[in-house]
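Here is the structure we will look at.
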Amino acid sequence: MSKKVMSVVILAAGKGTRMCSNLPKVLHLLAGKPMVQHVINTANQLDCTRIHLVYGHGGALLKEKLNNEKLNWILQEEQWGTGHALQKAIPYFSEDENILVLYGDVPLIEVDTLNRLLLAKPHGGISLLTARVDNPRGYGRIIRKNDDISGIVECKEATEIQKKINEINTGIMAINSSDLKKWLKQLKNDNHQNEFYLTDIIKMAYQENRKIIGIQPAHLNEIEGINDGLQLARLERLFQKQQAEKLLLSGVRILDPARFDLRGQLICGSDVVIDTNVIIEGEVTLGDRVQIRTGCLLKNCRIGDDSQINAYTVIEGSFLDKNCVVGPFARLRPGSELSEKVHVGNFVEIKKSSLGQGSKAGHLSYLGDAEIGSGVNIGAGTITCNYDGVNKHKTQIGDYVFVGSHTQFIAPVTVGDHATIGAGTTVTLNVPENELGLSRVKQKNIQGWKRPKKT
């Protein structure tokens, strides 16, 4: 293809009735992102000047979910076929530019395949992505004469002989805008669906002796569309398998690729081990020799070298330095920072707090809006009472503080270095360094007391 300005058109106006959902089809999630987002991301990797999105059902929600994208939004109020969708885009095409047609429900198309398609486009002709499949049911068939592509017949219009053809149309094509405009204006809807088929322009091109080149995808799953929940689930597993295989080949040890979900971007150091049923969301970085045990959810976090995340731990928006141990059943909420060799045990929740080097919170604690120094021991059942019903307040604990079990810090409050907090204390006043803070009620023993008996 000669070097010309190129625009991408993504068709995404379908209602997706077979999804049995009020959500627009192209907003259903694949690997944590709307399926149309995958197509947009792919288009953004091409040498294109503009991306047009033809939308219809659920337009307001589409714009809300894709508000960060630089798109030209084109409304198709009535869905009268793929040809009709492209007709709506005609006013936005520049003269003599190349147009690449993509589909919002075909999310796994690869950049390399599209680049091959664009390079193969002949001058004055069309390059068309086709595929040979074992079961062509539901797809339009490629019609050839003397091995040249002469047309496409939609499945519902095909004869019994044509239905035996196993070369299918994917709908993805590259075409010059001037030719596309001309042929779109000639489309008719005299077919079983009363729709304007984009595929009819292939016959028009052939009748004008234009060259039509068929290109095959590198992998068949690239051209699979999503029309129902079953197809979505199938492509989800295919995509997750692909991602797991790439990580395995890079040296990451994933114990069971079939039970691994990556819904974002994962960067791993060497000798990382990921157990079963781990979910990665957003941008996650794992250092060297990190171990992630079964059932963990990691989202937008960084975990330092030689750290271990034990089973069923949730970490979001947090930073962990080297040699940390977290979990099982722990939760690190956004804004949490753990320095080297910090231990956070089972049923500990940390929110917007920092723990200094070597500090430990072993079990059953809530630490919110806290700044905790190095070498601190947090006893079981410790709570920072950070909320007064209106505002959040901070708890500051110095280095080498010992906090006894079942302690409550009524923030704002400060505890100095090397202080000790007795078990069961409610801390309402600042505790100076090296002092013992204690608010325990004096114990009283009642002699001769007997338990009541059942009557």
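Placement of Cβ uses the backbone N, Cα and C atoms for every residue, glycine included.
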Subject >> Record-annotated acetyl-CoA site (Swiss-Prot): member among Ser374, Ser405 besides Ala380, Asn386, Tyr387, Ala423, Arg440 >> reply: Ser405
Original post:
Which is it, of Gly14, Gly81, Gly104: the one of these binding-site residues whose Cβ has the most other Cβ atoms within 10 Å?
Top reply: Gly104
Original post:
In which DSSP state, out of helix, strand and coil, do we find Ala380 (acetyl-CoA binding site)?
Top reply: coil
Original post:
Which whole number of Å gives the largest C-alpha distance between any two of Ala380, Asn386, Tyr387, Ser405, Ala423, Arg440, the residues noted as binding acetyl-CoA?
Top reply: 23
**OP:** Would you mind reading off the Cα separation of Asp105 (Mg(2+) binding site) from Arg440 (acetyl-CoA binding site), to the nearest angstrom?
**Re:** 64
Subject >> Inter-residue Cα distance where the pair is Leu11 (UDP-N-acetyl-alpha-D-glucosamine binding site) and Ser405 (acetyl-CoA binding site), in Å >> reply: 60
Original post:
Fewest neighbouring Cβ atoms within 10 Å: which of the recorded positions Arg333, His363, Arg440?
Top reply: Arg440
